[in-house]
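In what follows, a single structure is set out as structure tokens and then discussed.
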């Protein structure tokens with residue numbers, strides 16, 4: 001019998017015991033999982049000596065000691081160690097045996113030990129099998145997987161003199177000294193340095209002279225090499241990088257171990273003959289033995305040159321800092337790292353930086369672009385004559401040569417302005433070419449002394465001492481003339497006649513010349529409107545301003561009237577365009593006319609205006625007033641305005657054919673239009689109102705399986721029904737459902753006898769007179785639909 005059947009019976013018994021003794025279900029389930037299910041996996045022999053109290057505590061059955069097992073994965077290891085160390089019991093547990101991939105390298109011994117077949121060392125694998133694999137690495141054998149062995153890097157000969165205690169501690173087998181290893185990469189240099197004390201020098205293959213360096217060095221004993229160029233002896237005991245670093249001094253860079261590339265390097269400066277490098281940021285002068293700090297690597301040469309020149313009077317002709325070729329045509333070289341300018345004869349030092357020479361050339365309008373190209377002469381702004389009276393101390397400070405006063409300059413653009421103002425206190429007015437009257441302004445101004453100009457239009461004298469912008473602003477604001485460039489003048493919009501009555505103080509303040517009142521202008525666009533309103537309301541002056549006249553594109557629709565008004569040629573309404581001309585354009589939209597531009601008028605067909613507005617007046621977008629009863633009506637939404645106005649007119653007994661709410665063309669084949677916004681269905685004769693919403697008519701057609709696809713094209717089913725005709729359609733319906741209806745009526749009559757009573761509404765005669773009243777017709781239709789529904793339900797049940 002299978003084992004799972006016994007488990008099932010046992011589990012049923014446990015469930016019965018739970019119901020009898022009220023044992024908690026979780027306890028039984030846990031017992032089932034730990035006892036019953038666990039029997040499927042092979043149990044370790046260690047449990048014969050231990051008893052499990054809980055998941056983290058076991059009890060030895062021999063010494064009755066309770067042992068904690070914090071992690072289930074370490075439980076087997078702890079139990080093995082306890083019975084071996086305390087009781088001397090070594091179990092052959094199948095869960096920790098010698099792996100198959102290690103049996104070719106080890107011979108298994110009792111007590112969880114294995115003997116290495118190469119060196120005969122006995123290793124224990126009681127705690128971890130990984131110790132066996134680590135031992136194999138010493139013999140250059142690495143076990144990658146359970147089935148494959150890969151030879152590793154050859155073991156160093158240094159390990160014959162050292163024994164590894166742990167990854168960071170080794171022991172010398174000669175002097176028995178324990179040595180700490182800070183990092184595994186430092187192990188070999190430490191071994192070599194220690195063996196040197198014993199006079200042992202091993203030719204270790206792992207640290208020998210590389211092949212790519214043998215052409216530059218001669219190998220010496222003791223892990224040293226002699227440079228073939230300079231004869232210097234360098235040790236490579238710790239690292240081979242010292243040899244490659246030394247080669248860089250001879251302009252040789254070794255790129256790889258198989259290829260050596262000779263790269264020409266920058267010539268070494270002669271300054272290093274006088275200095276010795278102690279650290280990357282510290283050098284020592286060999287003459288005065290002074291230690292000098294170097295803040296940055298780029299400052300080496302400058303600091304060396306300055307120290308030798310100032311302290312020892314040595315001026316070296318260093319090739320790294322000579323006069324560049326592109327500057328030799330502008331300067332003559334002098335001793336002491338100086339150069340004489342060929343233009344002004346000034347001697348400029350380039351000891352600290354060669355840029356001093358290039359900056360000096362900018363004063364002569366010469367700019368050096370690069371060190372290899374020919375000098376390009378760039379025409380620069382002419383040097384101001386004001387500098388004959390001032391001396392520049394630094395970019396933000398100048399000194400007057402007349403009164404010896406120092407003046408601060410907040411910004412370079414304000415320098416000339418400040419100098420002019422200061423010289424005016426001394427009575428000096430210089431005709432500076434940089435601040436003379438421009439050529440494009442000479443046709444509008446006559447130049448006057450003291451940096452002033454007289455306007456040829458109004459005769460006003462305008463100063464351009466501080467800025468030339470004053471002249472241009474005067475032309476723009478007073479005479480509506482804008483200077484586009486220094487050689488082209490564009491005439492702008494014509495100046496308004498309103499300025500004859502106003503004077504501008506500021507862009508936001510004007511003064512009326514009639515009443516001397518000052519008026520604030522909040523925005524430049526409101527200026528003309530404010531001028532007109534002031535002249536008309538206060539002084540009664542109404543000007544025919546050309547900039548506020550009737551536009552040409554509106555003259556065919558309006559007749560201009562005085563007082564900035566226009567009369568509509570269509571309706572005769574007078575519209576004011578004093579504040580805004582858009583009022584005229586907005587009025588034209590009521591007549592279905594839209595003005596697209598000032599030179600083109602396009603007639604756009606607009607929606608026809610409803611006749612309802614004859615009885616209503618619009619006060620606001622959401623408020624209208626009835627002209628009959630003078631009542632104000634609130635409109636919650638524009639789409640409801642027509643329905644609300646129609647409903648209100650019904651109270652006055654007014655019903656008229658509104659074109660906007662007539663019966664649509666696509667519904668005329670299904671409905672007959674009746675007065676008071678009603679329509680009669682041609683199929684069933686039902687009357688429906690279209691006053692509020694036409695969608696009701698379309699929804700009603702869906703009952704007759706007719707759907708209007710669009711407002712211009714009827715559906716195929718509708719066309720088919722129309723070709724047949726109403727009488728044929730009704731006859732077809734009678735043929736399909738008459739028999740079922742008659743049988744249902746007969747059955748119900750026999751059971752209840754209700755149909756034979758005088759007041760019965762249902763009749764079996766379906767040839768109804770088409771001229772009967774609408775109310776009786778609707779009642780018959782409803783009864784017919786109810787009867788047909790019952791018949792179809794019974795048919796489906798059958």
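Counting begins at 1 with the first residue displayed.
Yeah, the Cβs are placed from backbone N, Cα and C, and that goes for glycine too.
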Stated TrEMBL location of region 'Disordered', expressed as one of 674-704, 705-735, 736-766: 705-735
Tally of DSSP helical, extended and coil residues in the domain 'BED-type' (381-444): 24 helix, 12 strand, 28 coil
DSSP-derived helix, strand and coil totals, residue by residue, for the domain 'BED-type' (493-539): 19 helix, 12 strand, 16 coil
Averaged pLDDT score, the domain 'BED-type' (493-539): 85
Residues in the domain 'BED-type' (153-205) grouped by DSSP into helix, strand and remaining coil: 19 helix, 12 strand, 22 coil
